[in-house]
Amino acid sequence: MLGIWTLLPLVLTSVVRLLSKCVNAQVTDINSKGFELRKIVTTIETRNLEGLHHEGQFCRNPCPPGERKARDCTVNEDEPDCVPCQEGKEYTDKGHFSSKCRRCRLCDEGHGLEVEINCTRTQNTKCRCKPNFFCNSAVCEHCDPCTKCKHGIIEECTLTSNTKCKEEDSRSDLLWLCLLLLLIPPIVYVVIKKACRKHRKENQGPHESTTLNPETAINLSDVDLSKYITTIAGGMTLSQVRDFVRKNGVSEAKIDEIKNDNVQDTAEQKVQLLRNWYQLHEKKDACDTLIKGLKTAGLCTLAEKIHAVILKDITSDTENSNFGNEVQNLV
């Protein structure tokens, strides 16, 4: 009897250990199943985020780079109907569900930019600074001209940094100061004389400043400016274009809309703003309004350039027309 009471604690200890192992095994199995379930749910959620997009119906996959969605999916998890973007004008650089491609960037020569890599269906245009221009910001919307050194160069101008110039010594500074003091009076005289001459020419009026006949003057007021819009935009800054169209009837809402449609492309913003102004103004007297607006903004050189180009085109068209009439008369 005493032997039984001695063995009883050992038996109870073994039973407790066995029950503990069973419980731990069940808990481990439950945790393992819970982990697998969470893994499946995570996989499904990831698939939903990466491969599905709700727009009408669930499309299984996005359109690849260089293409856009032609129409919405009609059946859940159907393959989308994708069509290529317009080569050289539009692109998409990653998979997406949009029905539109992005417009290619334009490198604005007026801001010192040129094309480094042309736009393709899968890659936007890459711009760089023109020779003798630089840009030291992360995103370049315009490049600045390199400084020209008068007294020697320490570091040459690069695409990302301006020229570093040597400084002039104090004796040279004193010499230049004396020369400058001697030159100031004649320079002031010449400037004043030119300003007075220019003022007199401007007050002469259009009939005295041009030799065009009345027929040509009438045609100038009705000239079609649409083919000159790009040239005009290239000679103006974005702020100058906005100020001009704002003063000539384009609403702030339209200006903001064009800005938002072309956030990264200032050259396209200028072109679209001028085209919108021209559509609102129509052809009648648009040329005169433009020339006066450019002169008011201090862009007299650009105004004269555009005026000369238009007159040249009109003269050429008139000569061709007269030649054709003479040929018909001879026949």
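Here the Cβ of each residue, glycine as well, is placed from N, Cα and C on the backbone.
A sphere of 10 angstroms centred on the C-beta of Cys59 (disulfide bond) encloses 25 other C-beta atoms. Classification of Cys59 (disulfide bond) by DSSP places it within a strand. Residues or ranges marked as disulfide bond in Swiss-Prot: Cys59-Cys73 (among others).
Residues or ranges marked as disulfide bond in Swiss-Prot (evidence: sequence analysis): Cys63-Cys82 (among others). Cβ environment of Cys63 (disulfide bond): Lys69, Pro80, Cys82, Thr92, Gly95, His96, Phe97, Ser98 lie under 8 Å away, each six or more residues apart in the same chain.
According to Swiss-Prot, the feature disulfide bond maps to Cys85-Cys101 (among others), an assignment based on sequence analysis. When Cβ atoms from all protein chains are considered, those within 10 Å of Cys101 (disulfide bond) total 20, not counting its own.
According to Swiss-Prot, the disulfide bond annotation covers Cys104-Cys119 (among others), on the basis of sequence analysis. Cys104 (disulfide bond): 21 other CB atoms within 10 A of its CB, across all protein chains.
Among the features that Swiss-Prot reports, disulfide bond is placed at Cys107-Cys127 (among others), with the record citing sequence analysis. Cys127 (disulfide bond) has a Cβ environment of 22 other Cβ atoms inside 10 Å.
Non-local contacts of Cys129 (disulfide bond) by the CB criterion (under 8 A, 6+ apart in sequence, same chain) comprise Gly112, Leu113, Glu114, Cys135, Cys140, Cys143, Leu159. What Swiss-Prot records for Cys129-Cys143 (among others) is disulfide bond, and it gives sequence analysis as the kind of evidence.
Among the features that Swiss-Prot reports, disulfide bond is placed at Cys146-Cys157 (among others). The number of other CB atoms found within 10 A of the CB of Cys157 (disulfide bond), across every protein chain shown, is 21.
The disulfide bond annotation in Swiss-Prot covers Cys149-Cys165 (among others). Taking a C-beta cut-off of under 8 Å and a sequence gap of six or more, Cys165 (disulfide bond) has these contacts in its own chain: Thr147, Cys149, Lys150, His151, Gly152, Ile153, Ile154.
Neighbours of Asn118 (N-linked glycosylation site), defined as other CB atoms within 10 A of its CB across all chains, total 12. The N-linked glycosylation site annotation in Swiss-Prot covers Asn118 and rests on sequence analysis.
Residues or ranges marked as phosphoserine by Swiss-Prot: Ser221.
Taken from Swiss-Prot, the feature region 'Interaction with HIPK3' covers 209-313. The average pLDDT for the region 'Interaction with HIPK3' (209-313) in the predicted structure is 77.
What Swiss-Prot records for 226-250 is region 'Interaction with CALM'.
Per Swiss-Prot, topological domain 'Cytoplasmic' is recorded for 193-331, and the stated evidence type is sequence analysis.
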Residue among disulfide-bonded residues Cys59, Cys127, Cys157 with Cα closest to the Cα of Cys119 (disulfide bond): Cys127
Listed in sequence order, residues with CB under 8 A of Cys107 (disulfide bond) and six or more positions away: Leu113, Glu114, Val115, Thr125, Cys127, Arg128, Ala267
Between Cys146 (disulfide bond) and Cys59 (disulfide bond), the C-alpha gap once rounded to whole angstrom: 52
Fewest other C-beta atoms within 10 angstroms, as judged across Cys82, Cys85, Cys143, Cys146, which are the disulfide-bonded residues: Cys146
Close recorded positions near Cys104 (disulfide bond), where close means Cα within 10 Å, chosen from Cys59, Cys73, Asn118, Cys157: Asn118
